[in-house]
Amino acid sequence: MTHYFHSYPAPAKLNLLLHIVGKRADGYHLLETVFRFIDFSDTVELSVRDDGQIVLLNPIDGVEPEQDLTVRAARLLQQRSACPLGASIRLSKRIPMGGGLGGGSSDAATVLLALNHLWQTHYSREQLMEMGLQLGADVPVFIFGKNALATGIGEKLNEINLKPAWYVVIHPGVHVPTAEIFKKFAGRVLTEEGGISIMRILETTQQRRNALQPVVSELYPAVNEVLSELKKYGSPLMTGSGACVFLECQSKEEADKVYQAMSAKYKGFVAEGLNSHPLLDIV
Ligand SMILES: C[C@@](CO)(OP(=O)(O)O)[C@H](O)COP(=O)(O)OP(=O)(O)OC[C@H]1O[C@@H](n2ccc(N)nc2=O)[C@H](O)[C@@H]1O
Ligand SMILES: Nc1ncnc2c1ncn2[C@@H]1O[C@H](COP(=O)(O)OP(=O)(O)O)[C@@H](O)[C@H]1O
């Protein structure tokens, strides 16, 4: 058995906007969203085992190892490929959980990409994206590897070019359950953005909307409070189904200044917007 650990990043994402444009028969919502990777990551370390076992060496508090998305991703690839090899997994979490930053999904995508390489299972990126979709609607974009305009339930992806930017990301300290928020959104209709080109909307931060934000702000006053605080500096937005809120800035200096003012009261970080996933072209 080999004990050599390979280390891989799993970056967070922001939804620079999120429109809900319909609902599927199975209850999933049809979205229009822009995913941007940011330079703030978990780290996944993997070691190939020849006994076929998948072992998470440091389970997350409150998440059963078998439910952890890294373990589920490894098992899925193992079952699909009938690969006799296993893996030991070490996970260093930095991305807050349930924050709308896609941490769990990104961890899963990194495991699929990395084990496909280490186990030599030779699946294409498209095949891995399809596998990832079984684990969560957010997983495919991390395998796609480029900032993307997503439609469908978030799995139909088109590369999008985004300007350099820095982000102040604040965690309001509450955990927002994604499924419940979509349920509460229920009958609300689409916003006036319908028909306006996404590229036009992206030009300024003022035009960007997250359809889930009013629902979350209503249920979680802490989210509303952070939005109000950040409004002093620009046009903040919630990411995904929350709870994190971000403000796009043109420079690191500007972002650092805003974060400094916020950090007396709130937890968060400053991160650079990436042009692509750090593993694109590597595995
Ligand atoms: C809202 C978004 C936006 O990027 O991000 P997060 O806030 O979770 O990061 C995603 O669409 C979330 O993706 P993900 O977190 O992978 O969700 P999943 O596990 O697939 O779904 C959780 C639940 O949310 C609901 N759901 C999810 C996605 C979608 N397009 N429509 C839905 O109605 C479903 O009820 C589903 O059971
Ligand atoms: N490796 C993992 N990292 C984070 N969360 C995980 C992981 N595996 C399973 N989960 C579960 O997924 C939930 C959503 O986590 P995450 O993807 O970080 O948030 P979000 O979907 O809001 O971006 C967590 O609350 C946790 O119960």
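Glycine residues also receive a Cβ, built from the backbone N, Cα and C atoms like all the rest.
The model shown is predicted, which means the values in this text are computed figures rather than measured ones.
As given in TrEMBL:
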type: ACT_SITE; residues: K13; note: active site
type: ACT_SITE; residues: D138; note: active site
type: BINDING; residues: P96, M97, G98, G99, G100, L101, G102, G103, G104, S105, S106; note: ATP binding site
type: DOMAIN; residues: 69-146; note: domain 'GHMP kinase N-terminal'
type: DOMAIN; residues: 201-267; note: domain 'GHMP kinase C-terminal'
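This view paints the features noted in TrEMBL onto the structure.
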residue : record           : DSSP (3 states)
K13     : active site      : strand
P96     : ATP binding site : coil
G102    : ATP binding site : coil
D138    : active site      : coil
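Counting every protein chain shown, the number of other Cβ atoms lying within 10 Å of the Cβ of D138 (active site) is 28.
Neighbour count (other Cβ atoms within 10 Å of the Cβ, all protein chains): 27 for S106 (ATP binding site). In terms of DSSP secondary structure, the domain 'GHMP kinase C-terminal' (201-267) contains 34 helix, 9 strand, 24 coil. Among the recorded positions K13, P96, S106, no residue has its Cβ under 6 Å from any atom of ligand 2.
Neighbours of the ATP site: apart from P96, M97, G98, G99, G100, L101, G102, G103, G104, S105, S106, residues of the same chain with C-beta atoms within 8 angstroms of the site's C-beta centroid are A12, I95, G240. Checking the recorded positions G98, S106, D138 against ligand 1, the ones with a C-beta less than 6 Å from an atom of that molecule are D138.
For the domain 'GHMP kinase N-terminal' (69-146), the DSSP-based tally of helix, strand and coil residues reads 44 helix, 8 strand, 26 coil. Listed binding-site residues: P96, G98, G100; maximum Cβ neighbour count within 10 Å falls on G100. Cα distances from D138 (active site) to the recorded positions K13, P96, G98, G102, G104 are smallest for G102. Averaged over the domain 'GHMP kinase C-terminal' (201-267), the predicted model has a pLDDT of 96.
Packing around G104 (ATP binding site) is summarised by its Cβ count: 26 other Cβ atoms lie within 10 angstroms of its Cβ, all protein chains included. If you check the binding-site residues P96, G98, G102, G104, S106 against K13 (active site), the ones with a Cα inside 10 Å of its Cα are G102, S106.
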